[in-house]
Ligand SMILES: NC(=O)C1=CN([C@@H]2O[C@H](COP(=O)(O)OP(=O)(O)OC[C@H]3O[C@@H](n4cnc5c(N)ncnc54)[C@H](O)[C@@H]3O)[C@@H](O)[C@H]2O)[C@H](O)CC1
Ligand SMILES: [K+]
């Protein structure tokens, strides 16, 4: 699913109005009816108090139009206009007049002196700001937002939690609605999935207000959301007359004294992802460990007993995944550098391979085109430096991938795969996956996919999706706390099978931000 920017949504808005020969007010009515139907289906006329907080722009207009429909159906509502500007939008005013004809007069709030009383069992509809927010709300508006957040009432946001910018980082976290549910028009917004802002959204759903499909289809976006459909479109079915050679030979290089488990996890994950053959290259100490725990995996050893020093092998792997459990000993740095000097094979780099690169940035030039790097936030910081917010981080990563012609997998609650100008935001995974070895499994899956002929970008996107889905399946039987990396591997098969399940429900997503 494409994640459109605010600018693109406004454009779609304009094009739809022109093409369909409708007024902007009619489009607002469509949006308001969608909101109303969603609420009415769930509430069935229940006499719960609904407080609608509306701004003076079109987000507020949506709220006011929704209020009219709720009123017409006998709901118990109170309407407040947060009067933060005199520049009221035309369609807001049209809808305000319509509401008044029903003898409903909103309370106009122009300061934080009188905060409306809200019961914890009430419902708040948040229509204060939408995608038109262009500066941080004034202090008194922020105080009202804080009052709503503290109320414990269920908050339903129209389009986007008020106070969140659509395409830039937040300035004041105290001036953002903490939304229990967001009904977002046409497209979820990128900020729903970023670490800094994702926690303001508990759940979201898209309401299709029928913006011009032709424009939406033809428009390239900077970000895409990867769900089941997108993963399925990348998936490569197995062929009847294939043999193990068809699906490539993965080489996992890593390990050091006390950290051989990381290699076991990555190698085993590569096998479960479908790599035809898997070889592990480890220090001598790892030989019996690997041979005993993974009978399917072939093992080659370094000349050094405890760490990697002379990475040499005499076969042609399809792809090399390097770094897990490897350590950053000077001898390993030398061995890794010499390996990069000679290597011509596609690479996946993780953990200590990334740490070595961070300290020896000149090595970055030696990476073959389309190398996949899988840093967690700390490793990423070592590679690209610090960032002031998620948008700056994404910009820096884009520049980095352009400069070194590589792919970066920014690991997090919603992992984002970045290549040059584009980011792919993953939807699977859960907090139980923040556990030892989870990253090693991801490295193994991505490397194993690459071995089977997936392009680097597809292997990264699909690998991240499968890894998260395996976690979602595993957690059903383990619970968050007891999820361990080995259970992720055991669930890779079920994650593949899940690709072909027909979804029972429309897209309702729980946010995994923080
Ligand atoms: N997607 C669509 O096609 C449709 C969207 N609808 C709704 O419209 C809003 C966007 O409305 P807009 O009027 O452009 O902006 P807002 O209501 O978000 O903001 C109001 C207005 O206020 C000014 N402003 C911005 N920031 C501040 C601030 N911090 N303090 C004071 N004033 C501020 C600015 O001028 C804004 O224009 C979208 O989210 C949907 O809910 C349509 O109803 C249907 C079609
Ligand atoms: K809103």
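Cβ from N, Cα, C; glycine included.
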Review point. Considering the K(+) binding residues 59, 126 given in TrEMBL, which of 16, 24, 89, 162 is annotated for that site as well?
Key: 162
Study note, to complete from the structure: Given that TrEMBL records 411, 412, 413, 414, 415 as binding AMP, the matching residue among 423, 432, 437, 439 is 439
**Study point:** Of 58, 61, 162, 376, 411, 414, binding-site residues neighbouring ligand 2, Cβ under 6 A
**Key:** 162
**Study point:** the domain 'YjeF N-terminal' (9-217) [mean pLDDT, rounded to integer]
**Key:** 96
Revision key, fill the gap. Taking all protein chains shown into account, the Cβ-based neighbour count within 10 Å for residue 126 (K(+) binding site) is 30
Study note, to complete from the structure: residue 159 ((6S)-NADPHX binding site) and residue 415 (AMP binding site), compared by Cα position, are separated in whole Å by 23
**Study point:** In sequence order, those binding-site residues of 58, 159, 439 whose CB lies under 6 Å from ligand 1
**Key:** 58, 159
Practice item. Just jot down the residues in the same chain as residue 376 ((6S)-NADPHX binding site), at least 6 apart in sequence, with C-beta under 8 A of its C-beta; none if empty. Key: 411, 412, 439
Revision key, fill the gap. Rounded Cα distance in angstrom between residue 61 ((6S)-NADPHX binding site) and residue 413 (AMP binding site) is 34
